[in-house]
Structures are given as structure tokens and as C-alpha cells.
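Worksheet: one structure, shown below.
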């Protein structure tokens, strides 16, 4: 019997290899052969000997106890019982000990025979169909032709085989089943085959060349990995440990068992039957049938349903095979390795906690007691309330009064993590200091709701307790809500006042002409506030106040009160504070005063906002919604214009299409005029108007529908209906109007449901493609950069140059073109002020970018620039790839939810949104593709046989002709001068064409601009660098065109860096370098083409990825985050980087810590 195995220490290895298992290897892993299909004895409920749960093979079911009961207790550790043969050890070895089944006939492994492409078929140069005929005993295959006229590997039917037998006797050999294939595979000389294929490659072309390349790939894989081809045929089947395919007793004496046990049972039964038949010397046809059934049983065990009908259990449910255990959302990878359930956690409904400070959360008492139970028990013993842990536990369970005092002490300074699903970005998990509260609901600070996207209509949140000192330190320094004030996607504050707080601040800072006390002068702030408290002056009255520096300041009393919470470095805010203004105040405060001052400011605004929105006593009544008097006249005018247009159409002056467009235009203008009239007629202190203009709730569109007119609507197909809804909600809709409205509303809801799922899937793909992008280098020393200017959509500027420069590094120092003074240096990050100065004098600037970074795995600090979540230069080890993916994916869900609130009013509905982003990132051929010019030159347009053709004539008189498909609209005119890559027709450009014409830089700039366009049109700001990270990952690979003297295969995809390395070696040796062209991969393809097979397998197409990796004997270097999470190592980012591994964290006593608050993280 083998000795105790040492458990693998996760942190002790830095790469992981996968390969094919040889029969000897499988026997080495095994602790014994499983010979019987029995599982457990139904009377004694003990495992049957030599069965699938045998204790002799897999270890004892109870700790330190053998099967027959002769040896019990730990003192017999390691003894093998002489009666039952069971080793006395822990029962958990049943999770790791494997068994095996010796097969009476070899069978093929379905992954290698049936996968696409069939690896077995490629090696033997047979089609999968003929391979199937041989393996499943339909045809014979000639394994040795001897001196006959037969060919090796020729297929023969039963009758043909008999004829040849009669004709040639035993001069040739032919057989069927996996044995025949095994013989052929054993005979293979890979080196010889490799040379033959390389010669063939040079001679053939077309389909045959592609096939040769494919075969060569497989041959090389086997040659380099040390795997043998015959290992694809199995003589031995491994049996996984019984704890991984458990059998549990249900109440009522029945048993529930894993499907794998059924599948193993079928294999064992058929194998035993086959052995018996062979011993009896049964006729060939019976043996053959049994062998085929054994082959099918093993297929079902490995991958049920891959070939033929799946084996089903009760109720016609297909059984879950080994492959199914790994695949999909419920498979081993995604369910258990990438997402685990943890203890020390709880969940509850959330309610608002308006009195909390930004870094606090309210934790219900009973929940806190349960979460911190071990800490409380330890403290009770330490303080002498209990003698031992057991009595302390009893005290906690009985909830004695002293327990609460101890709990109070335990939770001070011990942060907890709060998480709300769905966690769309890193702000979905933040740390807070718990405050004990009565009741059973978690209390949440109102300002972190935006980050969590939480509201209080019944949302729930989960609480987790960081246990170790390290975890607590990270929670406090990195995850505390007061440190997460900025949004990583654009660097704007995410914790900024909303709703009531905005309304309160807006009301407080408004001015009311002619209010009580207007024009009074006060000697200082307190006197002014006193006048308000004693009702001598109104809150919104314009007054003058003497400043400490002696100046007279004209302001309102409300603004004086408001400024009492604004830190002095921000200055005096003497304007109406709506949502935008508040946002800017917070951003400025963070820039000038850091997160500490900002947290205080936010809490101050929160208190004031709530207080004064209550004081304001905002209500909404019917009288507040006043319909403007001009409305009737505006509608009458519009009706008149529509009638005129109809007349023109009837006379045949305009087409139906023109008429439709004109009518739509008339009504759109009418709606706008009504809206303007409405805004004009509303009182500035009208509660509805205040709510909309302050940005607290609602918008002008919704106001228009309440008091103006609803306007034009879309029908279910998205076409605008030319009959507008003239009424508003105040007046009420007619039946027809109501019916028209229902289309839009329904479409909004359906869209939301569908697109939320799409957005989630997009985020998942983005994370997967970029998860190994980490800041690994200080400076990569690149000499290339990208040229940036304003991003435009037609004439409109979507993103200004200034915004694109902030927080980046210049490629080289930049001087003022006239004065020659240095505007910014290449060694320092560009500040907001510098960016402003540069944009004043330059239209285009070259900056360092992730796109041109030369760091091999990841990016360097200089090319990345500022970390937007902190506002400082990015740290080493920051997982910028994940942040980028979250920053693009999280607003994706917002793109999806936008259509909902406007009730489907035409013109606001977007089809551009998410599908377009997906199309770009997947590098798909776009719908409505534009034709682009492949060369620079002048345009000439002509008609040929009723079709338009565009010629582009270059300066060297070269003429390129493009045929314009029917129905496309031209974008160029006769005589226009255009550049390569310019569009000739309207539509979206195919990025692959762009890559051919304009090269890598061109396609990078195009993708960046297009993605930005979609998001900006939705009003979502995302920083360029996040999109750059994705685009870089899409262009990581090159396709080898000619191999030269390298070992690369033509047509193979290879990483740019590997390609350059290979070429450098060959050139140094005086050989011919390989030639490759860049390829653009969609994010799904790029994720699957990653070096890490663990990451790819856990993403999609698990079996295909593992099949390929096993044949190649791939080594996973464990550089990304995902692979490390899967095997349970610390991730190589942040504090998990190797350079921080040996940092020790200790808990100090209170006295030793003087003042930690003054230390900036």
C-alpha cells in the first residue's frame, strides 16, 4: 500500500502542466482495481469490497477505523488491517485516492476522436467518419497489407474482408475497434512524419496545404510534449475518488447518488461481461458487440451525449458525465473554483442610515453577534467573564448582558465588507466600520447608494467579515468607503449627493427676489443666520455680509449656511448648487484636500441637504402642473402646416417619404416649442420645476409629458408614428393615444430584460480577455506613442483633447510654439492645468499609451498614467485589466436600462447602444458595411450598366475601382481628395479591412473612437485608457505567413512578443526570419487564444480547450488572476505580488499606535 501522500502546497509551485495520462501513470495513481459494480450493502450500509466505494481501495469511511472494526482510534494510525485490508487513516483520503478499471479491450478516448478537429483522424490521416466506422465495429481496417494489392489503412466491409481472407489467407492483417487504431498509432514514427509534412507543405497549396498545416500542428504537439499517440486509446480507466461522486441516504431509506456512479457501473458491468465472454471463447460477433458496448459506456462516462443519444437516467434526463462536471456555469470551474461560498457572512434587507458617517454602516445586533462569535468568545475568556471557550459559547448562545459590551469592543476598528449583487464594478464591495443597531435591517449610508446602485425598495445586501490582520488592513486602507470616492471609469466622484440632498442644497442656495430682509447688511455670518432664526430675514433673501478680510460679500443667508460645510481651500460657493455644481465641488475638494476632507464635506452636505429639503416642505399637487396657454395656438399652427404638406403630397409635388419626414419634423419642432413655453411659464419656485432643474429627480422630458405634450411615439418596430400625442398626463390621454403609448412602454420593459443579460455576458468576456493585464513595470522605454486630438462625431466634438490628456504622460517634452517655455515634461503626469494650457495651443499631441506599451505581460506605469480611482500615478501591481473591463461593462448595463424611464418616447430609444459595442469588441463584420478606399487619391464617379462605380486615382495614376452596391449612399463627391481608409459609402467600417489598409495604429484609433462614440451619445464618460487596454488585447497575436528558418508553423497564431523573440534568435544564427501579419481577434477568440489553458477552459468551450492543451502538453505560467484564483494561490496583483509576499502584518495594542489616522495609505 502507498504511504501517506503529502497535500500539495499551493504556494510552492509557479507553473502547472497538463498532458495525456499513460496507462502506467493511471495505474500509479490508483490505490487498487475496482472489479465489481456494487456500491454499498443496502443492509449494513457499508461499502462493498472491490466495489465503487470499497474502503480497501479508497480508504476508511470513518476516521481511524477499519472496515471490520478490528482497529479503532487514532493510535493505530497507518496500520493496514489483516482481516479487511483497510488502512487506518483519516476518512478525507476518500477525496483524493483514485482507483482504476482494467479494461478487457482497449477503447478510444472520445475527446481525441470526436473533438473538432479530430486529433486522432489528423494523425492517422483518416476522416472522422471512417475512424468512427472502425472504432464502433462497422468496418475492418488493414493494419498490415503484406504483399497483397490492399493498401494500409484501407477500410473493408464484412463481406469484402471475407472475400480477401479467402483470396489472400493470412498474408494481410486487418482488424476493427480501438485495438486496430492502437496498433496503427503505436507504429507511427513522429519524426519521419514531421519531415514528410514539412516537405509536403512546400509543394502543395490550397485545401491540401491547410490540411498539412493542421496535421503538422498535431504531430509537433505530440513530439514536443512527450505524449505518445497510443495514449489516446485507453487500456485502463481511472476511477475518481468516491467523495467526489457521493452517495447519500435520503429520509425514507432511499439513496441519492451522483450520475457518475451509474456511468461507472455500466462500464464495469460491460467490462466484466466481456471478460467472461472472452474466457468462454464466445463467437466473434458476440464479443464484437460487447466491445462496442464497452466503448460506448466509456464514451458516456467521459462525455455523455457527444456521440449518439445520451445515456439517460430516470425521467429521461441525460446523465452528467465527467465533462459536464467541468462545463458551464454549474461546472467545477465556474461554480466551485471561481466563485465560492464563504462563512462569516450574512445577508439582510437594507434601509437608509441618514445619521451614519461615510465610513460607517449599521449592523443589526443579532447578526453582528453571530458574525463575530469566535472573537466575542475569545474576549469573554480573556476578560474573565468565562473560564473556557465552552462556557463562553454557552454565554453567547444565551445572550447574557455582558456579551453585548464585549461585542461593542470587538467590533470597534474591525471593518466589515458589504456587497450588493450584481457586483458590476469594484465599488460593488466596500468596507465599513460597523455600528450596532436595533432591528434586523442593515443600515446603509445614502451616499454609497450610487456606487452599489442600491435603493431601498427591498434590496438586500451581504456582509462579510475579514478575519486575518492582513485582510483587515486591506479592508481599512484600500476598500474603506471613504477611500472610494472616485469612480474608476472616469475619475469623477461617485459619492456625490443625490435626490433629497440635491433638492435641499438647491433650495438652500436659491435666491428669491423681493424676499423678506433683502438688501440688509450684516457684520458677520452668525448675525445673518440669527436674523433667519428669528424670522427677520428669509433664507433666500439677497443680503450683504462683512467677510473676515473686511470685504462686503453679496450672497444669501442660505448660501452662508451651505458654505459652513465647505472646506476653505475650495473657496466660497456663491451660486445655486444643483447636482452638477455639487459634483464639481466634491471633485475639487478631493483634488485639493484629499479623501479625508471630502468625506467630511460629503457628510456635511448630506446633513444640510436632508435638513433643508425637509424645511422646504416640497409637495407636488395638480396646481403645480400648469399647462402653458400658448399650447393650443402652437398645436393649431402645426396642424395647419401638416395639412399643407399633405396637400403638396396629394398634388404629387413631394414623395411619400418626404411627406413623412416633413410631418415628423413639424411635430418635433412643435413639441420643442411647447416645452420651451412650459419652462417659461413655470415659476422658479415651483416644486416640480425645482426637482427637474436641480437634478434631484426627473428631467425636462418627463416634465414635458406631464404639462406640455407627450409628442411623437414609436410603433413596435421602432418606426416613429406620425400622429403625435397632443395631450399630456395632466389633461389625460384619449383611448387611441393611450394605445399608441403602450407600444413604447412595453418595448422599454422587454428591452431592459433582454439587454441586462447581454451586458452581463459582455462584461464577462471583457474580464476574461483582460484579466492578466497588470502593471508590472516602471517604464518599458518605448519610443512610440499615439497622436491624440478631439474625438468628433461629424462636426460635433464628443471628447475634448484636454480631457484625453489629463493624467497621461507625454512621449517627449512639449514646448510652447511661440514662447518656447516648457508646457509639460515627459517625466511627469499631465495635470488638469497643464492639459488646459496644451489644448489652447496644440490640436494634436503625442502621448504614451497602453496601445504602444512594450511590457510583455501587462503594462508599465508610464504608459498607463494616472489611476483614476485614486487620482494619483498608478501603483505597481494594479490589476488595470479588470478595472478596464468593469469600467466598460458596468455602464453597459446602464445603456440597457436607459429606454425604460422615458416611456419609449420616440427619438430617445437606442439600438446603437450595446449591440454596437459588442460588434466592435467582437471585431465582427458590421451590419450595413461601408466600402473603404485602399489608396490615397482623387475620386471619379461613373455609372456602368446602371451601377455606380467609384474610381480612386492616385498621384502615380494608379486607378482602383470600387463597385457601389445598390441602395448605398455615397459619402464622397466627384473630385474629392481622400486618404486610404476613408469611407466611400455611408455605414460602419469593417475593422479587418481597416487593419489591412491603415495598419495597427489605424484600427486602434478607429475602434477607440467608435466605442467612445456609443458611450458618449448615451451620456456615459469612460476614460480612453480602459478601451485601449481592450483594443491592445485584441491585437496581441500575429498570423505567421511564411515560416522562414524558424520552428513556427505557417497559418499559426502567435503572440507578438514570442514572434519577435523567435525571429531574433534565428537572425542571430544567420537564418531567414519568419514573416507574419497582425490579426484582429474578437474578445471571445482572444480569451480562448490566451497562454493560460486554465483561464481559457474556465471561460468557454471547456472540453475543446483542455483537449488541445493536453495534446500540446501545455504549461500554464500562472501569470493572470484567474488561473491563480482557480488553484487557490494569491493573485499576482496588488498585495499578492511577489514583492509584497514576505511583508508581515501584526496587530498592535492601542498604546503602541499613536495616531494611525494621520498616515495616508
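In case you wondered, yes, glycine gets a Cβ from its N, Cα and C as well.
Per Swiss-Prot, Zn(2+) 1 binding site is recorded for 66, 68, 81, 84. Taken from Swiss-Prot, the feature region 'Disordered' applies to 305-325. According to Swiss-Prot, the feature Mg(2+) binding site maps to 455, 457, 459. What Swiss-Prot records for 780, 853, 860, 863 is Zn(2+) 2 binding site, and it gives sequence analysis as the kind of evidence.
Within the same chain, residues 110-111, 114, 132, 240, 258-260, 262-263, 266, 296, 299, 331-332, 1102-1103 sit at least 6 positions outside the region 'Disordered' (305-325) and bring their C-beta atoms closer than 8 Å to a C-beta of that stretch. Checking each of the binding-site residues 455, 459, 860, 863 against residue 66 (Zn(2+) 1 binding site) by C-alpha distance, the shortest gap belongs to 459. Residue with the densest Cβ environment among the binding-site residues 66, 84: 66, by other Cβ atoms within 10 Å.
Mapped onto DSSP classes, the region 'Disordered' (305-325) shows 7 helix, 2 strand, 12 coil. If you draw a 10 Å sphere around the CB of residue 81 (Zn(2+) 1 binding site), it holds 20 other CB atoms from the protein chains shown. Each of the binding-site residues 455, 457, 459 was scored by how many other Cβ atoms lie within 10 Å of its Cβ, and the smallest score goes to 457. Counting only the Cα atoms, the space from residue 459 (Mg(2+) binding site) to residue 860 (Zn(2+) 2 binding site) is about 40 angstrom.
Under the three-state DSSP scheme, residue 860 (Zn(2+) 2 binding site) falls in the strand class. Note: residue 860 (Zn(2+) 2 binding site) has non-local neighbours 775, 776, 777, 778, 779, 780, 853, 854, i.e. same-chain residues 6+ apart with C-beta under 8 A of its own C-beta.
For the binding-site residues 68, 780, 853, the ranking by surrounding Cβ atoms (within 10 Å, all protein chains) places 853 first. Long-range Cβ proximity for residue 863 (Zn(2+) 2 binding site), meaning a same-chain Cβ under 8 A and a gap of 6 or more residues, is found for 780, 782, 809, 848, 849, 850, 852, 853, 855. In this structure, the C-alpha atom of residue 68 (Zn(2+) 1 binding site) lies 60 angstrom from that of residue 457 (Mg(2+) binding site). Taking the centre of the Cβ atoms of 455, 457, 459 as the Mg(2+) site, the nearby residues of that chain (Cβ within 8 Å, site residues left out) are 350, 454, 456, 458.
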